[in-house]
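Asker: I grabbed these lines from TrEMBL:
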DOMAIN    2-211  domain 'Glutamine amidotransferase type-2'
ACT_SITE  2  active site, for GATase activity
BINDING   98  L-glutamine binding site
């Protein structure tokens, strides 16, 4: 796990831009740093040593008589198997690193090597012969990769801090991305809050040609076309879980686990202790005086049953308020997930005890239907498909009905019972169908089921008229437009949407930053792509068998984990949301009235003042104001370089 950055230019690169920005990624790699420079390409690297701790792992690393130079962040879990395969093809290796194996794989197979990689990665390979840069990112976006370009120069980096240090000026905030942020609490990838800066999407690669400057991202993997899988779901999932746990335990440094007391992390811990050659260490989190949110007792019981060391921390509201600017700086981009502070503190505690690798249960809820609203999204989207394609009444009629029932005339007639019962029942059916948004045939029923998304609709007057004119139509909703042409594909499509939005842009992004700021590599066994393909293929054969809360995962772990773990409801490191947000706003809300967002005239001053006043009087608008305060502090610290 490391920090990477680089610069490619049509003209000779002047000075040492990459070297000057490299210190901003030191937290991602405190063990070593390196540079590669040539007239048209500079690559930088900071190393967190995980595999082969010797100097043999120094990067940027070269291969094939220095034709290829790589800066690589991540882990290739199946590097041992790939090394054997490449050795049989005649390749020889000087180190025991996965980096050298990755370089040899690229030298042998080119971009086709991506299909063979099992792990998490973001890397850039400079080909000195072809004078092009090959960039790639793992399938679920576990490792970040940002980039910016103009007509002469292309920059990339792991984090905003380093990338912004390379740029010739200060990018402007993107109003469309900001509206999406207020709806989602993060900016869905590949967009970012800043105009001109994008993310290479998960499961994509990009080739930057120095001469032609062609560099369109290309997808190399998706769940579309996943083959059906026959067999016993529980047995197959159990076998694949064993495989992926064994792979993610490969490390030359100590491994720990974030243990919440729930099924995902508890299942990983239970399987890992059977395979790990050393002693797994567990870390958990609780909240002072709020037992309803505290899972430390259950986590401690599980650790005791597994006979592994256990440490916990207790978070108080005053700690959250005091360290809020520090947390925002660590996040590196605006992610208004109030649970972030808990993950931050767990990683701090793990670092204090010498951990450099931490397992985490992220991905279990997304893959195994752990969120009730996701099951509802699947069912509602299937209902929409059937209305559009199979109902005996034409689509235009349902649209007319949904318009009619919005009218004052209908509401008055219905309340006075002036309509026959059969007509009212028919129209009420149309009222339910209104929520399917038939006016947008490609729009899945998805994130609009989430309360925060629904709440954001109430604040359309927040943006100034100039900013509103710049916002793309349906900016929040177009994120979940899909091809609604095959009912059987809808569960797969909703799962892919969940991965591409919430899991990648919120959960994984957040965990990467909060682990790496503490120089810890977070590993997520439950987002392994082979496990995901397996579950997706099983759903094609058993479409209704796993819609109950984590039914397949529970069955797969039966006998492997304590029975109490199988019956517990999901909680995780869930904090006292309202209490924390109100405490943070009480301390920092003043920044909205005189900060950078106000200076850029993105929001209506009158509207913003009204919201602040109503919060101070009656704690209204808490969540939307929390998002704005976090955005303001992020912009000041990360973009403008002014610490709070």
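For all residues, glycine too, the Cβ spot is worked out from N, Cα and C.
Just so you know, TrEMBL annotations are computer predictions that nobody has curated.
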Asker: By a simple count, how many Cβ atoms lie within 10 Å of the Cβ of residue 2 (active site, for GATase activity), its own Cβ left out?
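Answerer: Excluding its own Cβ, residue 2 (active site, for GATase activity) sees 29 Cβ atoms within 10 Å.
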Asker: If you count Cβ atoms within 10 Å of the Cβ of the residue listed as 'L-glutamine binding site', leaving out that atom itself, what do you get?
Answerer: 27
Asker: Please state whether DSSP places residue 2 (active site, for GATase activity) in a helix, a strand or coil.
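Answerer: Going by the DSSP assignment, residue 2 (active site, for GATase activity) falls within a strand, counted as strand.
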Asker: Restricting to the domain 'Glutamine amidotransferase type-2' (2-211), report the mean pLDDT as a whole number.
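Answerer: Taking every residue in the domain 'Glutamine amidotransferase type-2' (2-211) and averaging pLDDT yields 97.
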